[in-house]
Amino acid sequence: MPIVTVAPTYNFEATSGQDPNYLNWTVSLSEASDEATAIGWSITGGTASVGTDVRGPDSGTLTIPAGQTAGRIFIRIDGDSVEETDEAVVLELYGLSNAEFEDGAPTLRTIGWVLDDDGSGTKRALFSPGQGVPEGDSGTREVEVDLFLSRAPDAPFDVVYRTLDGSAQEGSDVTGGSGTLTFAPGQTENGFSVGVLGDQAPEANESVEIFVGAPDAVASSSVGALRILDDDGVDGLPVLSISPVSNFEATSGQDPNYLIYSIALSEPSVDPVEVGFSFLGGTASVGEDVRGPTTGVRTIAPGATGTTAFIRIDGDSEEETDEAVILEVFANANAALPDGVGSIRMPGLVLDDDGDARDEIVLGQPVTLAEVASVTTEYAVPIRLSRPAEGELTLSIVLSGSGGPGLSLTDDTVTFAAGQQVSFARISVVGDETYSGDGARILSAFSTADGVVQFGEQRLTVIDAEEEPVELQVPATGTVEIDGVLRATQTLSVDASDVADANGLGPFSYQWLRGTTEIAGATGTSYTPVTADIGSILSVAVSFTDGLGQPETVTGAADGLIDLAPTTPGADVISGTPEGDRILGGDGNDTLDGAAGDDGLLGEAGDDSLVGGPGDDNIAGSDGNDVVDGGDGNDFLGGGLGNDMLLGGEGSDTLGGGQGDDALAGGTGDDVAAGGPGDDLIEGGAGDDTMGASFGADTVLGQGGDDSLGGGTGTDSIDGGAGNDSIGGGEGDDTVIGGAGNDFLAGGGRDDSIVGGPGNDTINGGAGDDTMVGGAGADLFVFNDFTPGDVDRVVGFEDGVDRFRMVGVENAPGSGLQGFVDALEISDAAGGGVTMSFNGHVIEVTGVSAADLGLEDFIFI
């Protein structure tokens, strides 16, 4: 991929009102690309004013067509007749597509010189635009710091330089240094290198300040900081950064000047990057000193590496100091911010150009210093002005704050020569061998006499050389006791007086538990058990944070189960909780409601009303005429003694009526019901139910579903209802009705009445004199035994539809199958129908004649 480079340029200012001169930059590609190359650009003030000293479009996109290797960017110089030093503007390139900057840098900066041609004073200026470079993942990468002269000297002169720790530190973030550079006659560019140490730790963007001495051969020097840009975004996302910016205020009512901030990615993204931004007042007032949209969103296209945000400067003629306005940037989508912070900020400087008073302000910036054990180390802490000093300037410096290693000022003032923008204060870190922790101090620099103030804190972070002593973490000791009677409604209290911790105790918090489940709202030193706690073991967890910040918990449990609250002999009304409850009614006509959960309810003596509610409940009515309602869930319901009503409700329930004349209703679901002794009414409801009547004259109604029903002992009435039912009448003279469906019906002992109803039914009368009616459908009448003296009656036999199945009929030898029919001695009856008999067992059949019945109507086994 082609590498983008750009060289500095210069031109004279001129005095003509026609402004004939331009600054022209040539942007070059190391090789031609097969596709067009797009390069974003912006021009910002260095020491010149964009919009006043130069004018025209100050931002845009340069497109170099496919196959070409260069393009031009230009801006017009505003000529005047004012005698002044040479001035610099900064061209910043960003947001590349189909190309890249050297070493993967997100932006590239160079300068343009506006050379003054008025008067005869010293014009020469020194300028460095400052660069932002990616940190890298490992190793040391040498980064060149370029110093530019506006004019070549006639005689050689030296420039002293040194790097100053800012938020980046010598040795851990950079390898800097100091030295002397010589500009030879005819030379306008020189420089030195700084080593940037790469790592893979997400961290804040950092900076190294560059101090350059002010030689007599230079009227003004302004050197930007070297910014080290974090490129270790979370989840591998590219990291955002902002370039510093400044511009002059101007006095024109047309407000020609802007602050244009470059927002760059550490590397191109494969997805569109959405960047939110907001302008905030620093010392400048947003809406008065600057104006325009104060919030917005920018999108960086896939493959590109940057965008801009700008705000218009409100020009005036008021004499004032330089002011700062802050751009805050948010990573809305597909990008990260350094060190995972929520936003990053960069001040932009509005430089005053009215009156003769001093305009400079001091720009506070973070600086990190390191203690060396048992050694006093002197550091040069950078102090940066908003512009090169307008004449010699001496500032007072004051340290405030405490904590951490000791600090002392070598001098309580710092001096700037005329034209110098960065100087330094000498501060000593007094080393020892005692751990005191890292410290934070505030360095203030100001001049009351000259009205120079500081914008923003200059925070000095002092790193302690000693490791923090490690205190051994030990667990808490002691026991937690629960005092009080273990019974519902009786208040319990916590005794945590035995809890101790060698690392120190913090404030206690409490959480009561039922088994292993936390009890909602039970977070005090006392707790009153409720019905839901009955049958459970309660415990309480006592938690605190020890002196090392470690969370600790000591738990104590009660030494037994929670008992029932004592019931009264009267009519109790007791409601459960959403947990699984165990509730006893005791004597009296009680009303017990289990509510949600798998409950156990026992009505005991009295006519009780028991409601299980949602959940799989176990309910026993016990003595008395009880009403038991299982509610939702698969419930077990027992009536006990007395005439009880049991309602299964939704779910597959098990119901037992017990003694007495009970009414049982299974409800929905596949229920199991037993009536027990007494004349019971049992209803299955929807579902495939299994129900037995037991002793007594019972009524059993299967209703919906394929039911299995039994009458038991007694004269029972059993109706299967809809579905394919299996019904046995049991002992007694029973009435058995199959209802709709293909049913299996058995009368059992005694004289039964059996009606099949619609469907293909199988009917077996069993012992006794039974009457059987098949009804609609192909019915099968079964005779497994032929008992002498029994007389059965089959009503409405449909020839060709219904059939008989005979077990144990014997034919005469050699008579074949017809011999089985002949053995039944079938004959027409006097009153209609036929009579057949075998072994003294008579079967009367209506609806057919003897001639109608043949071998096809029988199954012999």
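Count begins at 1; order follows the chain as displayed.
Just so you know, glycine gets a Cβ as well, placed from its N, Cα and C.
Annotated features, as they stand in TrEMBL:
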- 33-97: domain 'Calx-beta' (DOMAIN)
- 153-225: domain 'Calx-beta' (DOMAIN)
- 569-742: region 'Disordered' (REGION)
- 589-604: compositional bias 'Low complexity' (COMPBIAS)
- 630-660: compositional bias 'Gly residues' (COMPBIAS)
- 661-674: compositional bias 'Low complexity' (COMPBIAS)
- 702-730: compositional bias 'Gly residues' (COMPBIAS)
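Per DSSP, the secondary structure of the domain 'Calx-beta' (33-97) breaks down as 0 helix, 37 strand, 28 coil.
Model confidence over the domain 'Calx-beta' (153-225) is summarised by a mean pLDDT of 91.
DSSP labels the residues of the domain 'Calx-beta' (153-225) in these numbers: 0 helix, 38 strand, 35 coil.
Taking DSSP states H, G and I as helix and E and B as strand, the compositional bias 'Low complexity' (661-674) has 0 helix, 6 strand, 8 coil.
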